[in-house]
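Taken straight from TrEMBL:
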DOMAIN    26-144  domain 'Type II secretion system protein GspF'
DOMAIN    221-342  domain 'Type II secretion system protein GspF'
TRANSMEM  117-143  transmembrane segment
TRANSMEM  163-187  transmembrane segment
TRANSMEM  323-344  transmembrane segment
Amino acid sequence: MFPSEDTSIDRPANDGARVTPAAQIALGTEWQLPLPAMLRALGEERGGRVGVAIELLADELDGGRSLKAALAEVSPRFPTSLRKQLQMVAEAGGDLSTVLPALSNVVTSERQLRSRLFAIFTYPLLVSTMLVGVVLFSSWVLVPEFASMYGSFGLQLPAATEFFFWFGRWAPLTILLIGLTVAGLFVMAMTPGLARYVHWFVGSLPFIGPLWTYEGHASLARMLAAYTKARLPLGESLRCVAAGLVDQNLATAAQQVARRCDEGKSLADAMSASRHFERDLVGQIREGEESSVLPDALESAASNYSAHARRQLEFLSSTLPPLMILLVGGFLMLFVHAIFLPMVKLIEGLS
């Protein structure tokens, strides 16, 4: 099926609904539309400063420049990861139009994931912030007052009250240390060479760790499928993938696998030597290599991991709010009970 005289892919669908940019790119690949038109669709999908840069790249290609020359002209406008991927594909002679749908899907997936995570963690973060305020107020005001009052009466305090008095003395310092640790992790995440350790730590956390792992493997498999379909060698494909991954720990592992593939190992054998890749992914890749359908196997793996990520998101959205209510409510009930229990006993003794 080929387009009519109007070769624009930015048009309504048959039912009147607007075709999404990701779908436009897929249609453009199927219809063999010019690369500049597909770049403009990707620019619309990305939006912002990067979207403008992609559209400028399309303008350069429309002006008759080669892909390498056009990339050299507008590359400073691209973020490092996307610039590296486009340059690597161009230099290796790969089919950029085959890669564009995967890049668009990864961009869309990352944007949707950020939106969902923001929605899921907004409530727990607000509740945690309020709890920190309550704890600091109690540590600086309530606990010293009650400790002084009970001390003046020479009361024998219950173990729970003693614990919360001790907790109140050390809570501000503990909160400060936690805040400094989080700030340090953010700084490390922004530092080349150290980000991989932060990303490894994130992947080991409960709740968020499985989601991070699933989404990282989905992006890796989706991009690797596109690069191998674009006829890039395995080593070059893996290096392109590493340049586009958010998870720098997984990106470093992909670079190591690329070196093993350059030495002549199969992709499955090279990946099986690393503990950073899920065994299910390695198994699907091995089956794909043995059947000579590696891109299809990778696309299937990407779909599976995306489904796992969606289920993990649903689990987080249904679990975190009641868990926060249980933890915060339980803490406040125990705190109030422990603080006022000696006062109740004192009143009973006086009566």
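Each Cβ is built from the backbone N, Cα and C atoms, and glycine gets one as well.
Secondary structure of the domain 'Type II secretion system protein GspF' (221-342) per DSSP, as helix, strand and coil residue counts: 102 helix, 0 strand, 20 coil. Beyond its flanks by at least six residues, the transmembrane segment (163-187) meets 132, 135-136, 138-140, 142-144, 146-147, 157, 198, 201, 334-335, 338-339 of its own chain at Cβ-Cβ distances under 8 Å. For the domain 'Type II secretion system protein GspF' (221-342), the model gives a mean pLDDT of 92.
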